[in-house]
Amino acid sequence: MMSGPAVHPVEAPPMTMAAPMVRMKDFQGMPGTLGSLFLRLCQFVFAVISICVMVTTSDFPSVTAFSYLVAAVGLQIIWSLVLAIADVYAILVKRSYRNVAIVSLFAIGDGITSTLTFAAACASAGITVLISNDLEKCKVNHCARFMSATAMAFLSWFAASPSFFLNFWSLASR
C-alpha cells in the first residue's frame, strides 16, 4: 500500500509592515519654509540696495572690482527672487521641497551665488580701503557710497550663507 503525498498546512509568515522611513524635520531656513523665504528676501533686499547705491555713482565702471560687484549682486538678485517665489509657492501649497534634484540645484546655485557675492564684496572692500586709507582720495571719489554698497553686498552674502549650508545639510542627511 502506497501512501499519497501528505499536505501539511504551512503557517504563513507574519505580516510585517516595513518600517516607515523617518523624514527629517523641516528646519526653518530649509527650502519651502518661512525661514527660507525670510533669508531669500534679506538676500534680495541687501543686494538691491548694494546695486542701487553702486550704480548711482558715476565712476563705478572705471574700477573692475566695482563692476564685478554689480554683476555678482545682479545675479544674487535674480537668484534670490526666483527662489523666494518658489518658497512662496511651497508655503501656499503647504509642501516642502524634498526632491533631491531640486534641493541639489538650490544648494549648487546658493553655493555659486554666495561665493561670487563674497568674492565681489571682498574685492570691493579692498579697493575701497585702497582709495580711502592708502591713497586718501575720498574727497574726489564716492567713498561713502562704495563702502555702503560693499557693506550691503556683505550682508547679502551673510544672508545667503545659511541658505547654502541648510540646503547642503538637507542633501547630506538623506
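Here the Cβ of each residue, glycine as well, is placed from N, Cα and C on the backbone.
Just so you know, TrEMBL annotations are computer predictions that nobody has curated.
Listed in TrEMBL:
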type: DOMAIN; residues: 30-159; note: domain 'Casparian strip membrane protein'
type: TRANSMEM; residues: 37-56; note: transmembrane segment
type: TRANSMEM; residues: 68-93; note: transmembrane segment
type: TRANSMEM; residues: 105-131; note: transmembrane segment
type: TRANSMEM; residues: 151-172; note: transmembrane segment
Give the nonlocal contacts of the transmembrane segment (105-131) in its own chain as ranges (CB under 8 Å, at least six residues past its ends).
31, 47, 63, 65-66, 68-69, 71-73, 75-76, 79-80, 83, 97, 137-138, 141, 143, 146-147, 149-150, 153-154, 156-157, 160-161, 163-164, 167-168, 170-171
List the helix, strand and coil residue totals of the domain 'Casparian strip membrane protein' (30-159) as derived from DSSP.
106 helix, 1 strand, 23 coil
